[in-house]
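Chemist: These came from Swiss-Prot, pasted as-is:
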type: TRANSMEM; residues: 31-67; note: transmembrane segment
type: TRANSMEM; residues: 75-98; note: transmembrane segment
type: MOTIF; residues: 104-108; note: motif 'Selectivity filter part_1'
type: BINDING; residues: Ser105, Ile354, Phe355, Tyr443; note: chloride binding site
type: INTRAMEM; residues: 107-114; note: intramembrane segment
type: TRANSMEM; residues: 122-139; note: transmembrane segment
type: MOTIF; residues: 144-148; note: motif 'Selectivity filter part_2'
type: TRANSMEM; residues: 146-164; note: transmembrane segment
type: INTRAMEM; residues: 175-187; note: intramembrane segment
type: INTRAMEM; residues: 191-199; note: intramembrane segment
type: SITE; residues: Glu201; note: site 'Mediates proton transfer from the protein to the inner aqueous phase'
type: TRANSMEM; residues: 213-230; note: transmembrane segment
type: TRANSMEM; residues: 251-279; note: transmembrane segment
type: TRANSMEM; residues: 286-307; note: transmembrane segment
type: TRANSMEM; residues: 328-347; note: transmembrane segment
type: MOTIF; residues: 353-357; note: motif 'Selectivity filter part_3'
type: TRANSMEM; residues: 353-374; note: transmembrane segment
type: INTRAMEM; residues: 385-399; note: intramembrane segment
type: INTRAMEM; residues: 403-414; note: intramembrane segment
type: INTRAMEM; residues: 415-419; note: intramembrane segment
type: TRANSMEM; residues: 420-436; note: transmembrane segment
Amino acid sequence: MTKRERIIQSVLVKVPKDAINQFLSHGSTPISVLFLAALVGVLAGLVGTYFEIAVHFVSETRTEWLKSEIGHLLPLWLAAILISAALAFVGYFLVHRFAPEAAGSGIPEIEGAMDNIRPVRWWRVIPVKFFGGMGALGSGMVLGREGPTVQMGGAVGRMVTDIFRVKDDDTRHSLLASGAAGGLAAAFNAPLAGIMFVVEEMRPQFRYSLISIRAVIISAVMANIVFRAINGQDAVITMPQYQPPELKALWLFLLLGGLFGVFGVLFNKLVTVAQDAFVALHKNDRKRYLITGTCLGGIFGLLLLYVPELTGGGIHLIPDVTNGNYSVSLLVMLFVGRVLTTLICFGSGAPGGIFAPMLALGTLFGYAFGATAKILLPDLPIEPGMFAIAGMGALFAATVRAPITGILLVIEMTNNYYLILPLIITSLGAVICAQICGGKPIYSQLLHRTIKNDKLRQQDLPEQQNS
């Protein structure tokens, strides 16, 4: 064995004795944590960016097949059903067979892992979420890629700690949180929102310290640099740039926030109802689960042909709405329709998130509210698009209960920095109203539901064995 081979072997195999382990063991040297946080950010950025590219590729390929090859062999409606059903089947099968924790958004799983009550099987979650998400999102279901990107980012953070054999619990925790921040930063091209999401939304689980906050910041920045290097530096959503509204119009934003606060509480409860309904339908039986998911995929494949506005994550719909392409009545119908399709898709347990669908809902209702206000108050100088942007932040704030994150997220996604004041008013109004109504943050609600169901399953196992 040559000297070079001996060195490589010592690095890869005898990790406790190598230079990397010594580097990490210097009394929790901050530079070591920050170095690993940067690595986590780069990897989370790569995973998140290429996940977006992969989902877009699947969607475009599906469309091309319908236009050319399969569309000529079969009736168009049948081809659309079969393609989307097959894509959905892949997503549901991978989740149920290899990583049930990859169902849904995945953010509650990361929060549970930060509390040491949920495992992070990164070697399963990352591939299942990546390829399963490609299938589910590519089929046209109303799901977002942002939640999966956060879960994969957190899994990348745990992967790095395992590969480098990091033993310190605080460091492992910091890198898990750093991965989640990097995932969100890469998903939305929003580094500030990625940082604040961990600090604000995950505040019950996040261990605040100077080192952990620095690690989160570095990871989010590195992930965003990777995203911009691959996808460019444009905002995720292209829309008009608005000037700040006049002060006498700000009360309308507060009213809009109150409406979203009430709806946010109702929406969170309906999510749980939808999940329970699907569990009662398939009873965690794999065959029933796959049949349910495959049928849903086929239905949304058909909707893609005739009512595409009711399909997909909804990011593509936001510019059309803010450009004034829909009447108020049509916006209300689309809002109601997308509420139903969002609940169906997310409640079914498909590997996809709810971030993007919620932003689309906020846009639809917000623009309808603004257009109605402009008709009723013609002397007030307002633009309906302002309320669409405010609605995005308000619904996020009401459901996730993270107003600062929602404000930063919308500003970074749309580049509408002049609307920060109406965004603050709308988001805070939504949060306060949601608290008065007694609602709970959606991800905490989903985590508690997961833990409760796991306990019930564990209690049922001895009874089944005894019987």
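The count begins at 1 with the first shown residue.
Each Cβ is built from the backbone N, Cα and C atoms, and glycine gets one as well.
In the displayed structure, how are the listed features positioned relative to their neighbours?
Modeler: Helix first, then strand, then coil: DSSP counts for the motif 'Selectivity filter part_1' (104-108) stand at 2 helix, 0 strand, 3 coil.
Note on Phe355 (chloride binding site): other Cβ atoms within 10 Å of its Cβ, all shown chains, come to 28.
Mean pLDDT of the predicted structure over the motif 'Selectivity filter part_2' (144-148): 91.
Using a Cβ-Cβ cut-off under 8 Å and counting only residues 6 or more beyond its ends in the same chain, the transmembrane segment (146-164) has close neighbours at 15, 20-21, 24, 36, 39-40, 43-44, 47-48, 51-52, 102, 104-107, 109-110, 113, 120, 122-123, 125-126, 129-130, 133, 171-172, 175-184, 186-188, 197, 219, 223, 351-356.
Among residues of the same chain six or more beyond the intramembrane segment (175-187), those with a C-beta under 8 A of the stretch's C-beta atoms are 33, 36-37, 40-41, 44-45, 47-49, 52, 107, 110, 113-114, 120, 145-146, 149-158, 160-161, 166, 193-195, 197-198, 202, 206, 212, 215-224, 226-227, 355.
Tertiary neighbourhood of the intramembrane segment (191-199): same-chain residues 150, 177-178, 180-185, 206, 208, 213, 216-217, 220-221, 223-224, 402, 404-405, 408-409, 412, selected by CB-CB distance under 8 Å and a gap of 6+ residues from either end.
Taking the Cβ of Glu201 (site 'Mediates proton transfer from the protein to the inner aqueous phase') as centre and 10 Å as the limit, one finds 25 other Cβ atoms among all the protein chains shown.
Only residues 6 or more beyond the boundaries of the transmembrane segment (251-279), in the same chain, are considered here, and those with a CB under 8 A from a CB of the stretch are 245, 292, 339, 343-344, 346-349, 354, 362, 365-366, 369-370, 373, 380, 382, 387, 390-391, 394-395, 397-399, 422, 425-434, 436-442, 445-446, 449.
Within the chain carrying the transmembrane segment (328-347), a Cβ under 8 angstroms from the stretch's Cβ atoms is held by residues 104-105, 141-143, 267, 270-271, 273-275, 277-278, 296, 300, 303, 307, 309-311, 314, 321, 353-354, 357-358, 360-361, 364-365, 367-368, 371-372, all 6 or more beyond its ends.
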Chemist: Given that the record lists Ser105, Ile354, Phe355, Tyr443 as binding chloride, what is the largest C-alpha to C-alpha distance among them, in Å?
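Modeler: Between the most distant Cα atoms of the chloride site, 11 Å.
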Chemist: Is it possible to get the count of other C-beta atoms within 10 angstroms of the C-beta of Ser105 (chloride binding site)?
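Modeler: That number is 23.
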Chemist: Treating G and I as helix alongside H, and B as strand alongside E, what does DSSP give for the motif 'Selectivity filter part_2' (144-148) in helix, strand and coil?
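Modeler: Per DSSP, the residues of the motif 'Selectivity filter part_2' (144-148) fall into 3 helix, 1 strand, 1 coil.
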Chemist: Would you list, in sequence order, the residues of this chain other than Ser105, Ile354, Phe355, Tyr443 that have their CB within 8 A of the centroid of the site's CB atoms, where the site is the one recorded for chloride?
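Modeler: So the extra residues in range turn out to be Gly104, Ile107, Gly144, Glu146, Gly147, Phe346, Gly353, Met358, Val400, Ile442, Leu446.
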Chemist: Which number gives the other C-beta atoms within 10 angstroms of the C-beta of Tyr443 (chloride binding site), all protein chains shown included?
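Modeler: Taking every protein chain into account, the count is 24.
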Chemist: Take a look at 31-67, 213-230, 286-307, 420-436 and tell me which one has the most Cβ pairs under 8 Å to the transmembrane segment (75-98).
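Modeler: It is 286-307, which has the most Cβ pairs under 8 Å.
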Chemist: Give me the long-range Cβ neighbours of Ile354 (chloride binding site): same chain, 6+ apart, Cβ under 8 Å, in sequence order.
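Modeler: The list for Ile354 (chloride binding site) reads Ser105, Leu143, Gly144, Gly147, Val271, Thr342, Phe346, Ile442, given in order along the sequence.
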Chemist: Using a cut-off of under 8 Å between C-beta atoms, tell me which stretch among 31-67, 122-139, 213-230, 420-436 contacts the transmembrane segment (286-307) the most.
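Modeler: By the under-8 Å Cβ criterion, the transmembrane segment (286-307) pairs most with 122-139.
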